[in-house]
Amino acid sequence: MADKITDEYAVGIDPEIYANNPAYSSLFNPYIHKQTIIADHVSVQCHIDLNGIDAVGSKFGNLNAHAGNFTSLCAPNCLPERFALVAYTVEYAFLHDDETDNAADQEALLLENKMLHQALNQSGMTSVSTRVSDKAQRKSEVQAKIAAEYLRLDPVFGEWFLNKWQTFTACVKDVRSLEFPSLDDYLEFRIVDAAADWTLYNFRWGSGITLTPEEEKLADPMSYVAYAELCLVNDLFSWDKEYASHIKSNGDVPLVNAVHIVAVTQGLTHCAAKAVVQAEVRAHEERFCQLKEQYEATDKPSHEVLRWLRLLEHSMAGNWVWSLCVPRYCKVDRNPYKDHLEKYGSDAVRVLTPLDRLCWSKQEIKEMKRNQLKEPSSSTYKTHFSPLEPNPGPEQTRLTISQTQQQRPVLNPYTYINSLPSKNVRQTLIAALNSWYKVPVKSLLIIEGAVNFLHNSSLLLDDIQDGSVLRRGRPVAHQIFGVGQTINTATYLMNEALYLIQMLSPSAVSAYTDEMRNLQLGQGRDLYWSYHTHVPTPAQYISMVDGKTGGLFRLISRLMRSEATKNSDLDISQFATLLGRHFQIRDDYQNLQSEDVTNPHIVSLYAPRANMLLQYTKNKGFCDDLDEGKVSFPVILSMQSPGFSNTALSSVFKGSRKGETLSLEMKQYMLEEITARGAFSETKAVLRKLHTELLSLLMETEKKAGGVENWALRLLIMKLDIVEEKKVAPPKSDSHWGVNQRRAWKGGQKNGRPIDKACFLRAMEEALQK
C-alpha cells in the first residue's frame, strides 16, 4: 500500500544541499514542490501587501535561497490551485509571529491577536477610526484576503480553519509565567503554542488529503510524534538566536525553548542540553517510523492516512533542511526577498489576486441563469440621489450621546440594544469602503456614529412592529422598557443621527433624507403585506427590500463618498443595493432553517419534541417569521408555485396575526409545504445568483478604483454565502496532546522517555561528560 503513494508535484532536492552537512541527520529525504516559484512570489507579495514595497525583506519568513521555500519543502504535493494561498498564509503567520514575539507585554500581545480576530471574523470590531492608519489598513486587508480566499475555495474547511486560527491566538499565553517540570510537559504546550497542528492541517488541506474522524483518531499518535519532532527541530536551530535575544534584553525576553527546558530540568549546560534535544529528535523520528510500520501492517490501511503520513515525513525533512541556513535563524550574505523582487519585479509576484480570474465556473453561471428570477432592474426602484459636493464639516462633533440626567431615560432602550451581540455588517462595510474613499478620521467617526444610531433605531421599531419576543437571544427592548418609551427612543436616535450628519457636507444631508424616505416606504409596504396577508410578487418584494434594507447600505456608501479624499467619483450604489437584497433574502432563508431543519432531508424536521423545544428557545426563536405572519421570500415563492393550493397556508398566516405563537406542529406543517414546493431550493438559487453578481460587480468596482483590491468587502460577501453541499469538515483539533503523547510512546518508554533507543542513551552519556 505504501508503494502506491505517489508524489505528483514533489521532486527530490539536490543532495549536495544537505547530505554532507553534519547538522542534517533526519531519517527522511527532503522534497520540494515543482512550482516553488509560486510560493516565492506570494511570500514577497505578502510583504508588499503588509508594509509596502520599500519594506520587502525587513523581516524573514518562507524564503530560503539555500534550500528553498518553507511551504514548498513542507508541502511539496500541495495542489496547484491551493498552493499560492497556503504559502501566502504561512508567510503571514511568520510575520504575525514576529509581531507577537516583539509585543512589549501581554496587553500588547492580546491587542495584536484581537485585531486578527476582528479581521477574520468581521465581528466585535472596535471603532473604524482605530483602523485608519496605513499599517492597520494594510494588515486588515491582508487578513481579509486570507479569510476570503479560504471561504471561496472551500467554505466548510475555510470556516473551520479560520475558527481554529482565532481559537489558537485567543489562547496564547504570556510565557514568562509558565514553568515546565519536564520536556514532555513542554512539548504538550509547544505543539499548541507553535501552531503545529494548525500549520499541518493547512498543508493537509492544500494537498487535498481528507481524513474521517475515525482515521484522524488512528493517526493521532503518529501526528503527535511528527508535531513534536517539528517543534524540537525548530527549537534546536532557533536556540542561538533566542538565547542572544534573551541576553540582550537582560532577561526580559523569556527562554521558551526545548534546549533551555532540558538544561533546567536535567541540570545540564546548554551545550549538553542541545545534544539531548538532538537525540530526542532522532528518537521521535524513529518512533514515527515504528508506528507507521505497525499501521501499514494492519488490515486495509487507509490510503488517505498513508498520504497524511507521507506529508508528515515531507514536513519533517523539509523543516530540517530549510532550517540549516535560513535568514530567520542566522545571518546570510544576501537578502532573498530583495533579490527575488529585483529579479522578477512587483507585478510578477502578484499571484494571489482576484482580478485575473472569476470566482465561479461557467457551469455554476448556467445553473444560476436557469433558476434565476425575473428581478426588477436597478432602475425599477428609484432612489433619490443628489449631486455629491464634499465640503468640510464644522469643528464641533457629537460622536456619542452624552447621558445627562435629562437624557438617561430616553437612552435606556438604546443602551440595552447596543450592548447585545452584533454581526457588525454595517461597521464592516464602513471600514471596507474606507480602503477606497480614505475619509478623514473626524468624518469617519461621524458616519459611524450616525449609522449606529439609525441601525439601532430601526431594530427597536422593527421588534415592536413585528411583535418579536427575542432579539439576539435576549428579550426585546420594548418588553423591558415599554412600547411607548422604546418608540420615543427610536425617533430620538433618528434625530441624533441627523444632527451628526449635518456636520458633514450638504450632500450628506440629501443622502440622509433620500434613503430614510426609501427605508420608511419599504418598511411600510412590508408591514402592509403582513397585516393584510397580501402575497406580493417576487419583483415587488425585492423592490421593497431595496428600500427597507438596501437604504441603509446605500446611505453608508453615499456618506462615505460625500467625504472622500480619494475616488470621490466612485459610485457604488448598485453594489449597496445588491448587498441589501442578498442580506435580506439570506436572513429570510436562515430564519426558516435551523440545525434541526435542513433540506432536502425533511426527516430531520421530526426530531423528538425535546430537541425541538431546545431549538425553539435558542437565539431568536424557531422560525419566528412564521409567528409574526411575515410574508418572507421563501413563503412568496412557495405560494406562487403552480399546481398547489394556497388555501391552507393563507389560513395559517391570517391566524398568526392574532398575536398567538404557532405550535411546533403547525410550523412543521408549513415548512414541509414550503419545502415540497421547492421554495427553499429556489431561494438558494437566487442567493447564488446574487452572490455571483456581487463578486462580479466588486471586481468591476476595484478596476474603477484604480485596481485597489477590497478584500474586506470580498470577505463580507463570502461570509454571506450559503454553502450548498454538506462536506465532512476536518475534526476540531483541540484534542489533548498529552493523551496522544502517551498513546504514541505506549510500550516504549520509562518516565516519559524512550528506553530502547541506543542513540538517545549515547547522547545522554556524551552530554553528561561535557
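Heads up, the Cβ atoms here are built off N, Cα and C, so glycines get one too.
Residues or ranges marked as Mg(2+) 1 binding site by Swiss-Prot on the basis of similarity to another entry: ASP97, ASP101. Per Swiss-Prot, the feature substrate binding site maps to ASP97, ASP101, ARG190, ILE191, VAL192, ASP193, ASN234, SER238, TRP239, ASP240, LYS241, GLU242, ARG328, TYR329; the stated evidence is similarity to another entry. Residues or ranges marked as motif 'NSE/DTE' in Swiss-Prot (evidence: a curator's inference): 234-242. Annotation comment: Swiss-Prot describes 336-720 as region 'Prenyltransferase'. The region 'Disordered' feature in Swiss-Prot is assigned to 371-397. According to Swiss-Prot, the feature compositional bias 'Polar residues' maps to 374-383. The Mg(2+) 4 binding site annotation in Swiss-Prot covers ASP462, ASP466. Residues or ranges marked as Mg(2+) 3 binding site by Swiss-Prot on the basis of similarity to another entry: ASP462, ASP466.
There are 17 other CB atoms within 10 A of the CB of ASP462 (Mg(2+) 4 binding site), with all protein chains counted. Helix, strand and coil counts from DSSP across the motif 'NSE/DTE' (234-242) read 9 helix, 0 strand, 0 coil. You'll find the Cα of ASP462 (Mg(2+) 4 binding site) roughly 56 Å from the Cα of ASN234 (substrate binding site).
Taking Cα separation as the measure, ASP466 (Mg(2+) 4 binding site) is nearest to VAL192 of the binding-site residues ARG190, VAL192, TRP239, LYS241, ARG328. Long-range neighbours of ARG190 (substrate binding site) (same chain, six or more residues apart, CB within less than 8 Å of its CB): ALA196, ALA228, CYS231, ASP235, VAL256, ALA258. Residues near LYS241 (substrate binding site) in space but far in sequence (CB under 8 A, at least 6 apart, same chain), listed by position: ARG328, TYR329, CYS330.
Mean pLDDT for the region 'Prenyltransferase' (336-720) in this predicted model: 80.
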